[in-house]
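Let me begin by presenting the structure, written as structure tokens, before commenting on it.
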Amino acid sequence: MANNMLHRYLFKDLSVRGELVQLDDTYQQMISSQEYPAAVQHLIGELLVATSLLTATLKFEGSITLQLQGNGPVSLVVINGDNNQQVRGVARWKGDIADDASLHDMLGKGHLVITIEPKQGERYQGVVGLEGDTLAQVLEGYFERSEQLKTRLWIRVGKHDGKACAAGMLLQIVPDGKGSAEDFEHLEQLTNTIKDEELFALPAEELLYRLYNQETVQLFTPQQISFRCGCSRERSAAAIVTVAREEINDILAQDGAVALHCDYCGTTYSFDSAQVAELYAPSSANGSTLH
């Protein structure tokens, strides 16, 4: 398996473009930060694959956030990815969740929020109802209504060689007016034959050849996908000094230290009374080192 890679490809004669995402370590890092139930791990994997596929459509510097919200036992699953394919994610749940729980079992009545944030330009946000049995179907409906581009997604989460992995494919008509519905349906039928093990394990070139060996496929340079939460001790320190000193002193008196926990990666940053005093000292504003 080409670990943690995004591959873009184009059917030049058919005006259809495609994407392939294969993840192992990046997905494993994301689900290891908390003791997620198996079904929640699966949903995180699906949303992670979907986010990487959608982030690949960005034609500018920026990020996409996919956020599932609901009134069920899983209240939130959120994945953020940027144009450099740096991703992070977290989920909120309560109670016991069956291993075979479906999307609707977990979220109940809910929706998907898609937020696109360019570094320059206006922020866009769309809200999509959970229409369909799977996340892939929900997103296909979104593309049909908002982009008016025929789009299909295949998203799989499972294990390969005993390790968690997630993968997916996307097909979309290129908006040049040349792609036909018949050509797209032909490629859909070919892609429907993909097996989980092939999607998890085969190199991109071999996988695409198995599926589309009668077609002319242009495969572009792949892009690495990496887990990056963005937390640091410095950022935690900066957050502490935004809180009133009296409130921080109360925490120190009660707990002996101020601790900030990153839900994305599971790291806890702890500051004792001496370190807190250093943060509030005038010299800290001039770039003193945090230990």
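Positions of Cβ are set from backbone N, Cα and C atoms, glycine also.
For Cys231 (disulfide bond), the same-chain residues that are 6 or more apart in sequence and have a Cβ closer than 8 Å to its Cβ are Cys262, Tyr264, Cys265, Thr267, Tyr269. Residues or ranges marked as disulfide bond by Swiss-Prot on the basis of sequence analysis: Cys229-Cys231 (among others).
What Swiss-Prot records for Cys262-Cys265 (among others) is disulfide bond.
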Can you tell which of Cys229, Cys265 has the least company, meaning the fewest other C-beta atoms within 10 angstroms of its C-beta, among these disulfide-bonded residues?
Cys265
